[in-house]
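Residues or ranges marked as active site, proton acceptor by Swiss-Prot: LYS193. What Swiss-Prot records for THR11, TRP12, ARG32, LYS107, ALA142, ARG257, VAL281, GLU283 is NADPH binding site, and it gives sequence analysis as the kind of evidence. Feature annotation from Swiss-Prot assigns sn-glycerol 3-phosphate binding site to LYS107, GLY138, LYS193, ASP246, SER256, ARG257, ASN258.
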Amino acid sequence: MSKVCIIGTTTWGITLGTVIAHKGREVMLWARTEDEAALLSAQRRPADFLPEDYYFPEYLNVTASLEEALSGADMVLMAVPSQRMRPNIRLAAPLLTKNMLVCSASKGLEIGTAKRMSQVIADEISPDFSQNICVLSGPNLAMEILKGLPAVTVLAADTEKTAKKAAKLVTASNFCAYTNTDIIGVELGGSLKNIIALGAGIADGLSFGNNAKSALITRGLTEISALGAALGANPLTFSGLAGLGDLIATCSSNLSRNHFVGVELTKGRSLNDIMYSMSNVAEGVSTTAVAYELARSMDLEMPVTENIYNVLYNNADPKEAARKLMAAQAAHELAGRKWDLFKMFRRRRTRKTPELNPD
């Protein structure tokens with residue numbers, strides 16, 4: 001029987017564990033304390049967890065022993081907040097074995113380094129295991145998946161072999177895993193879309209309507225593609241499941257934590273108050289700060305990101321920021337804003353179109 005270790009008793013970690021265990025694979029969920037492990041094992045569910053009729057499936061178990069959790073595992077899934085990735089993978093690193101896949105299921109960028117989670121993992125594990133690193137990302141709202149609704153995701157790695165191996169471990173009847181070898185693009189799509197989800201929440205909170213929100217999402221996707229390409233991603237990845245797919249799901253659903261934060265900001269609540277009231281992390285808040293600094297350092301114009309940054313960190317009024325963004329001076333939709341990557345989509349005429357033979 002295949003075994004998967006999940007580090008992170010987060011909603012997303014438990015959701016992934018549930019999907020994998022329902023397929024008949026052994027899942028060991030690592031809890032940081034004996035008390036947490038004992039409580040989860042006894043109740044077979046987290047407290048205040050939705051849906052209310054949810055319980056751990058038969059093959060999902062909990063332990064406070066990291067050695068036990070990792071022993072014999074084919075893959076370790078890191079389902080922790082992005083700012084906690086480094087200390088957690090550092091704990092696991094000495095216990096990893098040569099053939100064990102190490103998969104990030106976190107969607108964020110590290111504050112201070114601007115590194116993607118696969119880069120953080122690579123920093124902390126032996127170089128001998130670097131070919132085993134992969135990431136999971138896509139339009140994956142945890143509550144829908146826990147209800148058994150169909151969903152798809154993307155497993156990305158530097159090689160198709162590693163991506164396929166990881167995809168096979170997580171694929172289930174209602175959870176299909178596609179593969180991709182653009183690990184940079186898949187990670188950035190999942191991380192940067194949270195910024196736009198904050199903006200979509202602001203638009204919804206202000207009742208700006210679908211026209212304005214669709215414009216925001218579309219311009220946001222352009223910014224994601226621009227920054228992503230500048231960082232080495234394939235721009236086409238952002239038109240796929242880990243880009244556009246994840247963006248649509250997160251920007252249009254009330255289940256999204258980042259969308260929730262955006263809505264609450266329009267009610268006059270402070271960011272600290274909103275974050276303190278939440279049981280889970282809204283990754284877009286920290287990712288906005290990282291992306292804003294990246295854009296400045298690379299001389300990229302990202303007005304959507306900049307305006308959301310000002311709302312979060314400079315106390316800008318959400319309504320004024322949104323109106324300012326919508327009233328921005330129009331220019332060519334795809335070019336003219338230092339986004340040289342879009343030149344690659346322009347068709348070059350190397351010869352005249354041949355004339356048709358009238359005969």
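The backbone N, Cα and C atoms fix where each Cβ goes, and this holds for glycine too.
Sequence features annotated in Swiss-Prot and their locations in the structure.
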{"residue": "THR11", "record": "NADPH binding site", "contacts (Cβ under 8 Å, 6+ apart)": "PHE49, ALA142, ASN280"}
{"residue": "TRP12", "record": "NADPH binding site", "contacts (Cβ under 8 Å, 6+ apart)": "ALA79, ALA105, ASN140, ALA142"}
{"residue": "ARG32", "record": "NADPH binding site", "contacts (Cβ under 8 Å, 6+ apart)": "THR9, ALA64"}
{"residue": "LYS107", "record": "NADPH binding site", "contacts (Cβ under 8 Å, 6+ apart)": "SER82, SER137, GLU187, GLY190, SER191, LYS193, ASN194, GLU283"}
{"residue": "GLY138", "record": "sn-glycerol 3-phosphate binding site", "contacts (Cβ under 8 Å, 6+ apart)": "ALA151, VAL152, THR153, VAL154, TYR178, GLY190, LEU241, ALA242, GLY245, ASP246"}
{"residue": "ARG257", "record": "NADPH binding site", "contacts (Cβ under 8 Å, 6+ apart)": "MET278, ASN280, VAL281, ALA282, GLU283"}
{"residue": "ASN258", "record": "sn-glycerol 3-phosphate binding site", "contacts (Cβ under 8 Å, 6+ apart)": "ASN194, ILE195, ALA197, LEU198, GLY201, THR250, ALA282, GLU283, GLY284, VAL285"}
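Within the same chain, residues at least six positions away from SER256 (sn-glycerol 3-phosphate binding site) with a Cβ under 8 Å of its Cβ are LEU141, ALA197, GLY201, ALA249, THR250. Looking at the residues that bind sn-glycerol 3-phosphate per the record, LYS107, GLY138, LYS193, ASP246, SER256, ARG257, ASN258, the two CA atoms farthest apart are separated by 15 Å.
Under the DSSP three-state reduction, GLU283 (NADPH binding site) is assigned to helix. Taking each Cβ in turn and tallying the other Cβ atoms within 10 Å, the top scorer among the binding-site residues ASP246, GLU283 is ASP246. All protein chains considered, the CB of VAL281 (NADPH binding site) has 19 other CB atoms within 10 Å. All protein chains considered, the CB of ALA142 (NADPH binding site) has 20 other CB atoms within 10 Å. Every protein chain shown contributes to the tally, and the Cβ of LYS193 (active site, proton acceptor) ends up with 33 other Cβ atoms within 10 Å. Those residues noted as binding NADPH (THR11, TRP12, ARG32, LYS107, ALA142, ARG257, VAL281, GLU283) have their most widely separated CA atoms at a distance of 24 Å. For the recorded site, LYS107 (NADPH binding site), the DSSP three-state label reads coil.
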